[in-house]
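Q: Dropping the structure in here first, questions after.
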Amino acid sequence: MKFVDEAKILIVAGDGGNGCVSFRREKYIPKGGPDGGDGGDGGDVYMVADENLNTLIDYRFTKSYRAERGENGQSRDCTGKRGQDITINVPVGTRARDLATGEIIADLTVHGQKQMVAKGGFHGLGNTRFKSSVNRAPRQRTMGTPGESREVLLELMLLADVGMLGMPNAGKSTFIRAVSAAKPKVADYPFTTLVPSLGVVRMDSHQSFVVADIPGLIEGAADGAGLGIQFLKHLERCRVLLHLIDIDPIDGSDPVENAKIIISELEKYSDKLAQKPRWLVFNKVDLLDADEAKQKAQAIVEALGWEGDYYMIAAINQEGVKKLCWDIMEFLKVTPREQDIATALAAEEKVDFMWDDYHKEQLENPDLEDDDEDWDEEDDDGVEFIYQR
């Protein structure tokens with residue numbers, strides 16, 4: 001199945017049903033009084049994380065999702081039926097962003113996590129609500145409010161503990177094949193990897209971590225060169241980044257300049273991503289003598305001004321790979337995950353537009369909201385609508 005990590009959709013919550021103007025008409029009961037019921041609330045739109053999904057391709061074809069409208073109120077004080085909610089299933093790791101405001105309205109990182117993304121409209125009031133000692137035959141009612149409508153950008157970001165970045169042909173796919181059961185394509189030409197892939201590294205029966213492999217970066221990626229930086233977002237949730245450097249590039253390029261290009265493109269994309277813990281990993285050391293490889297690695301480290309530790313590996317024959325993986329495992333044990341925005345979104349949210357406040361104001365000040373054009377004192381069947389401006 002094709003890997004799609006972005007999609008735009010329209011979500012529309014249901015409108016609230018209108019209130020009803022009705023009077024009780026029954027034999028032997030003169031002046032029965034008002035009995036118009038309230039409308040029903042509009043349906044809400046929810047998103048749910050589903051671990052059985054791994055792509056957003058379905059949302060490239062179905063772009064509009066609408067919840068059901070609440071039914072209007074009826075006579076005999078019958079309340080309208082509430083609109084049915086709809087649920088949109090998305091892969092775990094999906095983030096939903098409101099395109100109009102840029103606000104993140106959902107970030108689903110756990111299977112089964114559910115988040116409301118569009119609130120249904122509130123129901124209107126029937127004329128029964130407006131009866132009083134001085135107004136025994138009210139002809140007022142309120143209309144239901146519109147449901148929320150949003151144009152949303154869905155972004156799928158892989159959930160991994162470790163992210164790999166580097167130039168094309170730095171050996172990222174070879175590394176992930178060496179440490180996990182993942183089998184990404186490996187070949188001797190650039191951009192063999194076209195889509196991100198995940199591999200689970202099992203150190204023993206109780207310890208493991210997930211590695212993400214993304215397509216290589218080249219100079220100008222931030223401006224769209226190569227495959228651009230569209231896949232860097234998959235590294236945002238990682239706790240540590242492995243910067244793989246080909247210690248002896250077959251094309252004769254300078255490893256120092258290659259490393260600087262990656263660092264520069266990383267900073268252009270996101271300061272937050274550039275500040276994540278990053279380890280230098282020199283790959284393909286088997287192509288050089290041991291002493292020559294050490295001298296070359298040390299020269300690169302000094303040229304970059306690198307002050308942290310670095311590793312020398314040969315992913316193709318797993319030289320130095322085991323030690324690197326155990327060091328990663330120990331680092332992850334003491335490095336907690338960043339608190340997801342989903343934690344805050346999952347907390348019980350307070351709706352700004354409160355039902356009680358909305359109707360209390362209308363009931364207390366019906367005369368202030370009258371629309372004179374809708375009222376005819378000479379027409380016994382006239383109905384007065386109350387609008388919230």
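Placed from the backbone N, Cα and C atoms, the Cβ positions cover glycine too.
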Q: If you check Swiss-Prot, which stretch out of 26-53, 362-389 is marked region 'Disordered'?
A: 362-389
Q: Measuring Cα to Cα, how many Å separate GLY166 (GTP binding site) from SER173 (Mg(2+) binding site)?
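A: Cα of GLY166 (GTP binding site) to Cα of SER173 (Mg(2+) binding site) measures 11 Å after rounding.
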Q: With H, G and I counted as helix, E and B as strand and the rest as coil, say where DSSP puts LYS172 (GTP binding site).
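A: The three-state answer is helix.
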Q: 10 Å Cβ neighbour count around PRO215 (GTP binding site)?
A: 25
Q: Within 10 Å of the Cβ of ALA314 (GTP binding site), how many other Cβ atoms are there?
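A: For ALA314 (GTP binding site), the count of other Cβ atoms within 10 Å is 22.
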Q: Pick from LYS172, LYS284: which of these binding-site residues has the biggest number of other Cβ atoms within 10 Å of its Cβ?
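A: Buried the deepest by this measure is LYS172.
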